[in-house]
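Participant: Can you keep this structure in mind? I'll have questions shortly.
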Amino acid sequence: MKTLRTFTTSLLFLCVVGQELRIGGLFEENSENARLSFQLATEIINENKNNRYKAYPLWGYVQHFNTLSTSHTVCSMLEEGLVGIIGPTSSFAAPYIKSICDAKDVPLIEIHWDPGQRKNDFLVNIHPAPSELSRSFVDLIRIWEWGSFTIIYENDDSLIKIGNLLEIYNNYTQYTVSLRQLNLNGDHRRLFMEMKQSGDKHYVIDCSINNLSDVLQQAQQVGIMTDEYYFFITSLDMSTIDLTPYQYSGATITGIRIINPEDSRVIEISQRLQQLRSNNGLKPEAFNHLAAWKLHTQSALIIDAVYLLYETLIELRITKLDTKPLFCNTTESWGKGSSTINYMKAKTLFGLTGNIKFDIETGIRKNFQLDIVELTPGGLIKIGTWNSMYGVESAQIRGREIFGFTVDNPMKNKMFKVLTTMTEPYGMLKNVSATLTGNDRYEGFGIDVINELSKKLEFKYKIILQEDGLYGTQNPRTKQWNGMLGEVRAGRVDFAITDLTITSERESAVDFTMPFMNLGISILYRKPEPAPPSLFTFAYPFSAEVWILMAAAYILVSFTFFIMGRLCPSEWTNPYPCVDDPDFLINQFSFRNSLWFTVGSLMQQGSEIAPIAISTRMAAGVWYFFILIMVSSYTANLAAFLTVEELVTPFEGVEDLALQKEIKYGAKSIGATRNFFKDSNYSIYPVIKKYMNNHPDLMMANNDDGVRKAELENYAFFMESTSIDYAIERHCNLTQVGGALDEKGYGIAMKKDSEYRHILSTAILELQESGKLAQLKTKWWKEKRGGGKCEKRQPVATPLDLQNLGGVFFVLGTGTFFGVICTFIELAIYAYKTAKEKKIPFKQKMIEELKFFFRFKTMTKDFKIMK
């Protein structure tokens with residue numbers, strides 16, 4: 001069992017004024033999000049210096065099915081003198097925790113879905129009641145008029161959760177409900193194929209958020225993500241997963257949520273939670289402008305639970321809490337527990353999950369509201385609401401509103417000042433000889449985006465140029481913003497558009513629309529150069545093992561022919577065919593001839609040796625077949641090895657770049673890219689930050705300087721992927737190395753709480769859906785201002801040079817040289833033997849042979865001379 005962990009910092013102890021509220025949190029192992037949410041809630045409370053009490057969090061971890069460990073953890077926490085416990089995050093350990101808290105009169109605020117909750121004097125459950133959630137499912141399906149549908153569930157808990165839907169099947173004959181359970185092994189494709197063949201088009205999916213992505217992906221793989229199919233997702237966290245692959249599928253995917261991601265409190269707290277994750281060495285789940293959409297219901301419920309407990313104790317106005325250590329082996333309990341939990345049950349609080357109110361008898365949450373959301377090509381949008389009192393208040397069926405909304409256009413016929421910079425390709429002066437005025441002087445991607453928005457929303461605009469080109473940074477001393485953001489905050493312009501990255505720091509100063517372009521930081525570097533070919537490139541088609549085996553096969557087969565030739569009677573032939581009764585027979589398969597026969601066929605040149613016997617011919621046929629396959633394979637591979645150039649990249653990604661010493665690197669001296677490395681403690685980024693701080697000469701004033709330096713020197717430049725795409729379309733010796741280091745977007749900046757933010761974001765979604773933004777990007781990246789210059793063309797075969805074929809010439813020269821050496825050795829041996837037989841000096845015999853060699857016109861040799 002993991003020991004009880006407490007959040008203790010000297011800062012917290014120094015800040016405490018008055019009494020401490022020791023609040024306990026119980027979480028499952030590895031549930032870091034839950035623990036950090038708990039920690040964040042107490043930090044926010046303690047930031048208010050006027051608070052009478054300071055929240056002091058203690059947390060522990062419980063294990064599944066380990067009652068001894070759970071009891072020990074809870075008892076250890078109670079010994080610290082708690083005013084309440086929040087948790088657990090699952091229902092496995094809940095019964096044991098309930099019994100201990102009930103015995104010690106300590107309030108327990110549950111945050112998990114509990115289908116079996118009964119009346120308990122010291123318990124409230126802040127999670128929406130299961131019976132109420134089921135009722136929302138029923139109401140929606142009746143509104144949508146689904147006559148038949150299939151419930152896809154995960155486990156037995158799912159059946160309890162969707163119990164009211166099953167009651168429809170029992171009570172109303174007009175409904176046809178089918179039940180299908182997901183496979184425990186995670187492969188659901190066969191299940192979806194069977195459902196597809198059944199002809200049903202309406203599905204209710206109830207599964208954990210961890211499995212939902214796989215379930216939807218496999219549904220798409222079998223072809224039921226089309227405009228004929230309707231899906232209702234029961235999870236409150238549907239918006240936290242990536243639904244991009246299904247936006248254009250045509251299928252109607254609807255769900256519910258209890259968190260409003262556009263609420264300012266939700267946005268602020270979710271961004272702080274992401275920052276806290278980063279500070280604890282965890283990778284953020286989303287970037288700041290998307291953090292609210294990725295906030296899990298469990299995290300929001302934990303934060304609401306901490307606020308609920310704290311506000312209850314504040315409003316009770318208890319002059320002395322009298323918290324004291326409680327021990328599980330005694331009967332002592334907390335005297336203020338009963339009044340605290342009773343007040344809590346009667347209290348109403350508006351939190352991150354909306355209105356929080358409990359049934360006084362049972363402590364179950366009631367009277368809550370859900371948003372009904374639907375996936376469209378423009379993303380996830382709210383189409384209606386459901387609440388416990390009135391049911392469905394507004395909803396929409398594809399192409400038909402039930403209680404529709406009307407949207408006014410507050411921008412119509414108004415004039416707006418739009419600020420931009422001269423940054424290619426977002427804003428540029430037109431290259432024309434005529435004198436232009438007003439908006440006609442400018443062109444670029446950002447200018448076209450504003451123009452398209454003005455057409456759609458019917459407003460007028462005036463382009464204003466930011467002369468110094470600064471996007472905007474905050475002065476740490478005066479807290480004032482300069483550049484484009486300073487102009488927006490001062491109200492001198494209405495909007496600002498360029499390659500302006502949405503960051504948390506900038507969002508604290510201005511509002512942004514949803515991104516009109518998504519991107520990430522990557523690395524710009526010279527294109528990799530081809531590696532010089534090896535001298536022995538001709539040997540590369542086969543591995544070393546294959547060459548060794550071929551040599552062994554050559555020796556073995558040659559020896560086999562030698563053995564077979566001597567054993568086979570048919571291979572012993574008459575040297576003189578005219579003599580019927582010869583004195584002796586000869587055999588052509590001597591060991592030397594056997595070697596020559598196999599190497600001749602190996603080189604596809606043949607030899608004068610022809611096998612006679614069936615056995616040797618059979619062996620020769622098999623050897624020929626082997627040579628056919630090997631030579632064909634070698635020829636095919638050799639063409640590829642000689643013509644394909646192997647590119648040498650000095651580094652593959654950011655880790656390789658940071659750990660090497662040869663290549664210099666940098667980024668823009670001021671901007672979001674530099675700040676990314678300043679603010680991040682993840683992985684290798686601190687090394688890069690230190691390097692940049694130590695080499696200010698490698699930091700560029702703008703992207704153009706970085707591109708120029710990367711092109712001319714051994715230098716890598718960090719910049720946004722969209723700018724890299726633009727650069728490599730015009731600088732053919734540059735390329736992007738590695739993938740994106742982060743995900744972010746460019747947005748249109750405006751003053752805080754601007755009424756135009758939502759309508760502009762909606763219009764941008766429509767431009768994305770229609771493909772207009774993609775069309776504009778193609779125009780300015782690949783067509784205008786030198787775009788398409790580096791477009792890849794059909795490769796032309798490159799002539800092979802000596803570097804490619806040098807090894808073949810080397811083998812030829814070496815083999816010929818050794819052949820000549822062998823000739824002289826053979827000649828010397830022959831001269832030695834002959835001189836010894838004739839009893840003449842060896843030197844004399846060698847001179848005779850050499851003299852004969854230089855008589856080049858003579859092609860015959862006297863037999864007597866040979867003796």
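A Cβ is built for glycine as well, from the same backbone N, Cα and C atoms used for every other residue.
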Participant: For Cys790, what is the disulfide-bonded cysteine listed in TrEMBL, choosing from Cys732, Cys822?
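Facilitator: That record, TrEMBL, gives the partner as Cys732.
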Participant: Return the residue out of Thr560, Thr673, Thr762 that TrEMBL annotates for the same L-glutamate site as Thr501, Arg506, Glu720.
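Facilitator: Looking at Thr560, Thr673, Thr762, the one TrEMBL places in the L-glutamate site next to Thr501, Arg506, Glu720 is Thr673.
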Participant: With every protein chain in view, what's the tally of Cβ atoms within 10 Å of the Cβ of Cys732 (disulfide bond), excluding that atom itself?
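Facilitator: Its Cβ has 13 other Cβ atoms within 10 Å.
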Participant: If you average per-residue pLDDT over the domain 'Ionotropic glutamate receptor C-terminal' (415-783), what number do you get?
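Facilitator: On average, pLDDT over the domain 'Ionotropic glutamate receptor C-terminal' (415-783) sits at 84.
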Participant: Whole-number Å only: compute the distance from the Cα of Lys678 (site 'Interaction with the cone snail toxin Con-ikot-ikot') to the Cα of Cys790 (disulfide bond).
Facilitator: 34
Participant: Could you tell me which of these recorded positions, Lys678, Cys790, has the greatest number of Cβ atoms within 10 Å of its own Cβ?
Facilitator: Cys790
Participant: Where DSSP helix means H, G or I and strand means E or B, what are the helix, strand and coil counts for the domain 'Ionotropic glutamate receptor L-glutamate and glycine-binding' (425-489)?
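Facilitator: When I sort the residues of the domain 'Ionotropic glutamate receptor L-glutamate and glycine-binding' (425-489) into the three classes, I find 24 helix, 12 strand, 29 coil.
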Participant: Check the DSSP secondary structure of Cys732 (disulfide bond), expressed as helix, strand or coil.
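Facilitator: Looking at the DSSP assignment, Cys732 (disulfide bond) belongs to neither helix nor strand, so coil.
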